[in-house]
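A quick write-up on the structure given underneath.
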Amino acid sequence: MSGGKYVDSEGHLYTAPIREQGNIYKPNNKAMAEEMNEKQVYDAHTKEIDLVNRDPKHLNDDVVKIDFEDVIAEPEGTHSFDGIWKASFTTFTVTKYWFYRLLSTLFGIPMALIWGIYFAILSFLHIWAVVPCIKSFLIEIQCIGRVYSIYIHTFCDPLFEAVGKLFSNIRINMQKEI
């Protein structure tokens with residue numbers, strides 16, 4: 001607003017007033033300047049990520065938690081040697097762990113790129129195509145709704161009122177005979 005002019009209640013012309021505390025970019029007030037410097041600014045695109053809890057919204061709780069016991073089980077009476085069972089457990093667990101790491105190393109970034117593009121396109125289409133189409137449809141359907149309402153009130157309401165009056169005088173007596 002620098003250079004702007006305004007008129008007070010008596011009609012005097014003034015330039016735009018300068019705030020004593022400055023603005024958010026250049027605060028004149030020392031306390032305000034220190035407060036601005038102390039605040040941490042977080043950007044949604046460069047925020048810190050949690051490297052320990054990588055599923056904070058629990059998206060994969062019941063889908064991907066597959067352990068050895070969930071896949072391989074020996075019923076009572078048909079057991080392999082204990083050493084084979086332990087080696088199978090270790091092989092399964094280590095293979096699953098390292099093969100997942102290998103796949104995520106090879107395909108993690110390309111898949112993140114593909115899914116990022118997909119959700120960007122989906123968001124774009126929703127914002128620029130779907131919502132405007134729905135709003136347009138709702139505006140256009142109001143006209144049809146009014147015509148339909150007039151039709152119902154003109155033709156159907158009198159018909160149903162007449163049928164209702166016809167059947168309103170019907171009386172039913174029920175007697176219980178012993």
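Residue numbering: from 1, along the chain as shown.
In case you wondered, yes, glycine gets a Cβ from its N, Cα and C as well.
If you look up Swiss-Prot, you'll see K5 (among others) marked as ubiquitin cross-link.
Taken from Swiss-Prot, the feature ubiquitin cross-link applies to K26 (among others).
Residues or ranges marked as ubiquitin cross-link by Swiss-Prot: K30 (among others).
Look at Swiss-Prot and you will find K39 (among others) tagged as ubiquitin cross-link, backed by similarity to another entry.
In this structure, K47 (ubiquitin cross-link) belongs to neither helix nor strand by DSSP; it is coil. Sequence-distant neighbours of K47 (ubiquitin cross-link) (same chain, six or more apart, CB under 8 Å from its CB) are absent. Per Swiss-Prot, ubiquitin cross-link is recorded for K47 (among others).
Under the three-state DSSP scheme, K57 (ubiquitin cross-link) falls in the coil class. The Cβ neighbour count for K57 (ubiquitin cross-link), using a 10 Å radius and every protein chain shown, is 7. If you look up Swiss-Prot, you'll see K57 (among others) marked as ubiquitin cross-link.
The N-acetylserine feature in Swiss-Prot is assigned to S2; the stated evidence is similarity to another entry.
Marked as phosphoserine by Swiss-Prot: S2 (among others).
What Swiss-Prot lists as N6-acetyllysine is K5.
Taken from Swiss-Prot, the feature phosphotyrosine applies to Y6 (among others), supported by similarity to another entry.
Feature annotation from Swiss-Prot assigns phosphoserine to S9 (among others).
According to Swiss-Prot, the phosphotyrosine annotation covers Y14 (among others), on the basis of similarity to another entry.
Swiss-Prot lists Y25 (among others) with the feature phosphotyrosine, giving similarity to another entry as the kind of evidence.
With a threshold of 8 Å between CB atoms, the same-chain residues lying at least 6 positions outside the region 'Interaction with CAVIN3' (82-94) that come near it are 67-68, 71-72, 74. The region 'Interaction with CAVIN3' annotation in Swiss-Prot covers 82-94.
What Swiss-Prot records for 2-104 (among others) is topological domain 'Cytoplasmic', and it gives sequence analysis as the kind of evidence.
What Swiss-Prot lists as topological domain 'Cytoplasmic' is 126-178 (among others), and the listing cites sequence analysis.
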Its residues classified by DSSP, the topological domain 'Cytoplasmic' (126-178) shows 43 helix, 0 strand, 10 coil
Taking every residue in the topological domain 'Cytoplasmic' (2-104), what is their average pLDDT?
73
So, by DSSP, how many helix, strand and coil residues make up the region 'Interaction with CAVIN3' (82-94)?
13 helix, 0 strand, 0 coil
